[in-house]
């Protein structure tokens, strides 16, 4: 019933409320900084105490009763046990600590005398604090009573229960039903254990008869398991003379509940405990149990266990309260039970009393309230005594509030509030200090704060005073208090600035003021640029054994150059970088290198960019790729004569899915130790049926394959030897060949040793003529070849080969067809004809040779041809023979690569496996004219200021009747533009020299020459040359240089020069060495100097030669001419000479010294 408040109480509470608005309470804990300046007395405060329940487990060495406290003056400690004074120092067995209330109970004797409820009291002259009640529990060793149990005799089909009745002990309690051999009693819908540990049987069956039903009770906290005396059960079966229908009529019955035994029951639980409701029924057929909550759905967290007989609702709440029903039913009826659940709660603080520091003369309120079911009882104490035992005139109690009016320093005390109901007790100590003190700022003067732009910052101003101080903050010597939406002054005096800006940089002042005085401190705020990771590593897959590189690049405020750190973490653990030889981690320029990556390197790597004020992080997943681990636990099953099933557990695929499993086998007879592949299965399979051969001692292994490669194989299985069997297959790849006309060679691929399937393998070779009515001829052989002799030439045969061993014959063999030995073809192709396709290609046709004349398998046809002569010359010369082979049944073919304007002869023949047949009658034919080959020689023989002389040799293969030459030239000075192409059509095929006139002096020209027939002109040859600056003397006298008298004169001069040289040589031998070279260096020849200014012409037979050529010295041209321009060379090239010897004279003129001259040519005349 709620108590009515009087007007006087209302007024007092209103006054107290007003006081509280202006004087907020603070914690009573006085900082050490204050105590170092002034000596302030402080109420005792308990800082550590033992839990409310202390159990003396037998395996612990000792049991501390903890009670630690602080205060000024130093507090004193005392204890009570079961409400009576208890002094630990009077018991020599207890260990006591100095300046502490803690004492230790050693585990070296009888502990039961210390069992009880303890409480610690901590006092100084200001007051007393008390601890919670601490219960010291000495558990006894639980034991089942020694007893003799009579056998449980039950009729088949009737229910029965085996009682456990476990002893009391420290929870939790775990119960097991097992046999003497520690085999669990199987539980199901018919047999189950209840929450009380009893074993219930819905109906008895014959197999329930046994003599070793044992109940085991386990107490994990004291590490103890105890066993009840074994129980016997005897199930009396029905008489055998009863019909099955009668027996069933007796057994079948509707359900009834074995537990609970009443129709209704009530359960009370404390909030947070687990609800366990059970219904175990008997009947036949075995009843099924259903659960419902009356008027509601079952809680979502509810679970049904123990084959439907147990309803479990973990951590019940108030809303789980209500009525529940279980229903056990079978085909004959049902049984129900109703449970009423009430959920109660232990005490829980609504308002826990707080320690207060209040000024003298103020009114102090101490509030304490708690909730719970049932409603907790509140008990007040002061300094450990009930309020009734320590009256005070200015203290009033109103419901859950104590009021101290006009408090004095002597009112300082420790108040205790205790809230209790049947489910527990709460105790709280509140230190009430009454004193006046001017502000003391505990934060250091001149603190520097650094904040990142955009982040927040907290600048502290820790003040201790009574009454509480008013805190204001100002900036940069301003008298105005800082304010704004981004600024907050907290109750503890700290100034918080949200989303700091650059303009917030400056000096801040904290001012604390109360009725007793004021105090201030300064602080400096610096705003920094944020730290950001601008290049972060993405997730990475790396192959094992390689080097992984993880990149990280960050930006930060430059003022932190000496304080910036770039760190790496793996799975939130810092990576140690010791830079030793054994270290696999190296960091350089923000790149983390991991050498020789292994599986343990896989994980999440985090780059941490850190300054003293902020940090940024970026993470990446490193996945290590490797071949799959070896499969494990290989098991062979389903053993059959020619197959077995293999199962395995795949190994780790190391981040690359297994695509295939490779199954290998090894056998011990033919190739022991040699593993061979047997089968491949997809990577998502873990078993395979293996087809095997007979009479083989197998063992198997499996390896995985992924994108990285093939992993190591598994350990091999045990051996499995298959029994002998007849062969599964016959020989394959049967080849029938005839190396001689009257023999037939039969060869085949023998069965592998593993395919023998047993000992005694041999082959039966059967053959007969095809299309002839005759019996099979059979031969047994052990090798893999057989020769049939005295066969007609090239006749078809049917052949089959069958394998056999001691166990029997292989499958029926397939019949293959082959032919006996071949002989040479006896006929040549007829009606051979040639059709010209162009000047170098002809089509040859013929009539096929009849198959009766082939005497073997047709291989194809061959064409042999040779060149008889060129039609340009009348002389015949038998050329090299050429052959082309055309496989298959052909009647025509194309022969390429012929020389135009020539006469040829050819023959055609057929061939088979034995060789060539006779050739056809030779057929002569002629190829039409074509274009000539390119000219083998094309040179510039004389270069002047305005003229150039060109000489050439006719083509070696004119491929027809030469009709003349096509000469073209153009100006190609060293510019991108070229002059127009000039053309000279030379109609005389005997012309081999041409003079070009009216050319530009000191200009580069390119000349092109092609030989022509009536069909067209052949490939081009080209030449480049640069005209000279002046006309040489050789050119002036060029006209007479070809006259006979001039040649004679030159020969006489040469002879005279030779005689002079011989005389000089003889004279030199007599008078010492004479250096001609030195003489020439001292007296250079004027004409020789002129030669050095001359240019030369380059020869090219390449149509693709660049227009711009390079110039060379004349001396190199003369040396080249010594070997390249000899008459012998021209003779070899079949060069045409004019009857007047003009070419010879011009060639000789090239050997003479000449002075360079400019040439210009616009008019062309033959030489």
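In case you wondered, yes, glycine gets a Cβ from its N, Cα and C as well.
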Legend entry - Stated TrEMBL location of transmembrane segment, expressed as one of 1023-1044, 1045-1066, 1067-1088, 1089-1110: 1045-1066
Inset, instruction - Select from 692-712, 713-733, 734-754, 755-775 the stretch of residues annotated by TrEMBL as region 'Disordered'. - result: 713-733
Inset, instruction - Express the predicted model's confidence over the domain 'Ig-like' (139-232) as a mean pLDDT, rounded to an integer. - result: 91
Legend entry - Chain residues outside the region 'Disordered' (713-733) and at least six past its termini with a C-beta under 8 angstroms from it: 630-632, 634-636, 639, 641-642, 644, 646, 648, 651, 664, 666, 668, 675, 692-703, 748-751, 755-759, 761, 763, 784, 801-811, 813-814
Inset, instruction - Rank 44-135, 530-619, 828-930, 932-1031 by Cβ pairs under 8 Å to the domain 'Ig-like' (347-433) and hand me the top one. - result: 44-135
